[in-house]
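Beneath this line is the structure, given in structure tokens, with notes to follow.
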Amino acid sequence: MSINNWHNQIDLPHTQTTRINHQTVHRCSSASPISRRNRDSWSLPHFASSTLHKPVNNNIYLINTPMRTLALLSLSPPSTERFRNSRVDFLFFSRNGAKLDGDFAHCNPTAHVSHLPLTPLLLSLPLFKALSSVPSPHFSPAFSLQKPCYSGHSQNGMGKETANPSCRRSLPHILVASLSSFLFGYHLGVVNETLESISLDLGFSGSTLAEGLVVSTCLGGAFVGSLFSGWIADGVGRRRGFQLCALPMIIGASISATAKDLGTMLLGRFLVGTGMGLGPSVASLYVAEVSPAFVRGTYWSFTQIATCLGLMGALLIGIPAKEIVGWWRVCFWVSAIPAGVLAIFMEFCAESPHWLFKKGRAAEAEAEFEKLLGGLHVKFAMAELSKSNRGDETEAVKLSELLYGRYFRVVFIGSTLFALQQLSGINAIFYFSSTVFKSAGVPSGLANICVGISNLSGSILATILMDKLGRKVLLLGSFSGMAMSMGLQVIAASSYVRDSGALYLSVGGMLLVVLTFSLGAGPVPGILLAEIFPNQIRAKAMAVCMSVHWVINFFVGLLFLRLLEQVGPQVLYTIFATFCFMAVAFVKRNVVETKGKSLQEIEIALLPAE
């Protein structure tokens, strides 16, 4: 039991003082909770002949022990509007008889708290270990709104515990799930090097519309897959969702590899696209729901790294396509291997406990928590899920509920964030970097390798920074950097810069766009949206937002080359830079920080009461 449950267990009238019966006090482990014996008798671990005071304020408990007085404050919103964004446990003590005041003066405590000797007995209690080094001689809170309430201890998305769970249990499940992101990246980049060879072999060389269709048909399929991803993920679960994502990728890649004409190629690309649309939505849900909060951002960055590796793999495998006839078919066949591995290995991975609990399968959810967390963390995880269950989880969520009313704000934030991500022009760079670099006189193979390295470097940095700086800071820095990098592209395309100067600016600007994108605008939206959506609507809301993502992605891929020909690079990159600046303004105004917070805390902060 965590401290913030005391007021649910200790139901004393206001101002009543109860003497703990000496006979009922027993020696027990430091992890044991306070338990009720009878109306006037309590068992308090390690404290003999202690007096428990419950002042007029419901949230403050004072424990007088022979060793001095200890004060504990438990606060759970919305009991206090001032701390509406936090649901945490507090433990305060003072030295030299300082008064409990300061930021918590509104609680109106009247007692003074004496120095608390940190004896070996007290130090055996987990909460005291975190406070033994507080240096201030005055009242000091061991908490800030940006950090867990006690150092070295964490709140995680699956419960509260006095120590962070080991990553060794949950990491293998995340790595298997990241295969879907690898496939996503691979199919985004597989036509980059091979498009010219495909068009020659299938007889549509020179047609920019046909080339655009080879790229965009995949994105159209992704729209269809993402549109139904929420209902699939809620219907069959996250684990089966990954397996259903792999199936059309295997079939579609096989059809594309054996295509003899444009129509067959488009069919294969469409099927691959349905898997691409399903994969990111399920991955966002899965990572958010099986990851402890203190590494949730880092875990999600692994999926972005996997996407980068997929892109780089596609670029490297595609290099011989211009030299070896029919090599592009090998490139499609290769993608079936990781898809098969994903389908098989996911059979041995944990199902999302959040989904199981939502379906009323609490025992199975607890078993999955045992796989992911183990030990005492499991009971805290289950308590957190029980606390978040408002009794409406079994009710069907209608699409209209996502588009207006109570859920509109979070869905609007998510959809707009994904729209601005795509309107920044990043995927146009990924799809057509070979063509753009070729026009600048840079060998496409070298250019694509540089793009891949930039993307991977930024993703690795994001892994380090995601749970240190937070989501919002990375988004602001990323979109700002992209806007300035697009500005370099605009300058390179102007008449003021010529020859080698334009070449360096063009290549450097494009690489900086990729680097800054992968620092925040790329990895953050996927995990941020899975965090801000309440459990009841999480899967379906992700489906709506991902559908917006793929619709815009489709038109960017379809129209980029044509716009590049008609309006020129200077105007086009100016448009992209403008959208990046719009994204900065939107993020600053609407996005909340979710770093280190449990999914339930985020839900309480964002979702208005019914």
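Glycine is treated like the rest: Cβ placed from N, Cα and C.
According to TrEMBL:
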- 170-189: transmembrane segment (TRANSMEM)
- 173-595: domain 'Major facilitator superfamily (MFS) profile' (DOMAIN)
- 209-229: transmembrane segment (TRANSMEM)
- 265-287: transmembrane segment (TRANSMEM)
- 299-321: transmembrane segment (TRANSMEM)
- 327-349: transmembrane segment (TRANSMEM)
- 407-433: transmembrane segment (TRANSMEM)
- 473-497: transmembrane segment (TRANSMEM)
- 503-529: transmembrane segment (TRANSMEM)
- 541-564: transmembrane segment (TRANSMEM)
- 570-587: transmembrane segment (TRANSMEM)
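By the count of Cβ pairs under 8 Å, the stretch nearest in packing to the transmembrane segment (327-349) among 170-189, 209-229, 407-433, 473-497, 570-587 is 170-189. Below 8 A, the CB atoms of the transmembrane segment (209-229) and the transmembrane segment (503-529) form no more than two pairs separated by six or more positions in the chain, fewer than 3 in all.
The list of residues near the transmembrane segment (170-189) in space but at least 6 beyond its ends in sequence, with Cβ under 8 angstroms from a Cβ of it, reads 218, 242, 245-246, 249, 272-273, 275-276, 279-280, 282-283, 286-287, 290-292, 299, 302-315, 318, 335, 338-339, 341-342, 345-346, 349-350, 371-373, 427, 430-431, 448. Ranking 299-321, 407-433, 473-497, 541-564 by CB pairs under 8 A with the transmembrane segment (570-587) puts 473-497 at the top. Of the candidate ranges 265-287, 407-433, 541-564, 407-433 contributes the most Cβ pairs within a distance under 8 Å of the transmembrane segment (503-529). Here the transmembrane segment (265-287) lies next to the transmembrane segment (541-564) in space: the count of CB pairs under 8 Å, restricted to residues six or more apart, reaches at least 3. Outside the transmembrane segment (407-433), and at least 6 residues removed from its termini, the chain residues within Cβ reach (under 8 Å) are 188-189, 191-192, 215, 311, 401, 444, 447-448, 451, 479, 482, 486, 510, 513-514, 517, 521-522, 525, 528-529, 532-534, 537, 541-542, 544-546, 548-549, 552-553, 556-557, 560-561, 572-573, 575-576, 579-580, 582-583, 586-587, 590-591, 606-607.
Non-local neighbours of the transmembrane segment (473-497) in the same chain are 420, 424-426, 462, 465-466, 503, 505-506, 508-510, 512-513, 515-517, 519-522, 524-525, 528, 568-570, 573-574, 576-577, 580-581, 583-584, 587-588, 591; each lies 6+ residues outside the stretch with a CB under 8 Å from one of its CB atoms.
Along the domain 'Major facilitator superfamily (MFS) profile' (173-595), the predicted structure has mean pLDDT 85.
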